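So that you can see what the record holds, here are the features copied from Swiss-Prot:
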- 10-17, 57-61, 115-118: GTP binding site (BINDING)
- 188: S-geranylgeranyl cysteine (LIPID)
- 188: cysteine methyl ester (MOD_RES)
- 32-40: motif 'Effector region' (MOTIF)
């Protein structure tokens, strides 16, 4: 049985572990426990063939910056996560996470994943952001960043309501099995 290795990265507390636990067990964890390193495996059927989807959770905290890349070798696809209600986690996608994974695994496809979409319309969350002159990240803003950073695509979900959750992993599997064709570059030739 073929295994697909999927590694999840992103800032601490954006919901990486909840995403994985909600997907693999259909239960939402009730308390926050910072992750050092965990992995989960699920069997998925693709075109009538069984695949093992190996899901590797990582710690977003800076203390683990030297340890985290040890989980990167042989990765088939990365999920680069940010919370749609945490502008700093969105900023770190381009400042930290994409540079980190492309440094270690330059040819590995990645998806940009917006988490906690159930909070996008939550009045107290919106109020907290407004106090700092911020607002939730829109899908359009995230899609533009995904294009700019050459992500396979942008997907978003809520681990709490499970909205969009299965789609995140379906898209990750597709990206791993059918990595996008490298764009042909045209050279400028002066005669």
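Positions of Cβ are set from backbone N, Cα and C atoms, glycine also.
Taking every protein chain shown into account, 13, 117 are the binding-site residues, and of these the Cβ with the most other Cβ atoms within 10 Å belongs to 117. A helical conformation is recorded for residue 16 (GTP binding site) in the three-state DSSP classification. On the 0 to 100 pLDDT scale, the motif 'Effector region' (32-40) averages 73 in the predicted structure. Other Cβ atoms within 10 Å of the Cβ of residue 10 (GTP binding site), summed over all protein chains shown, number 27. When Cβ neighbours within 10 Å are tallied across all protein chains shown, the highest count among the binding-site residues 58, 61 belongs to 58.
Around residue 16 (GTP binding site), taking its Cβ as the centre, 26 other Cβ atoms fall within 10 Å, counting all chains. DSSP classifies residue 61 (GTP binding site) as coil under the three-state reduction.
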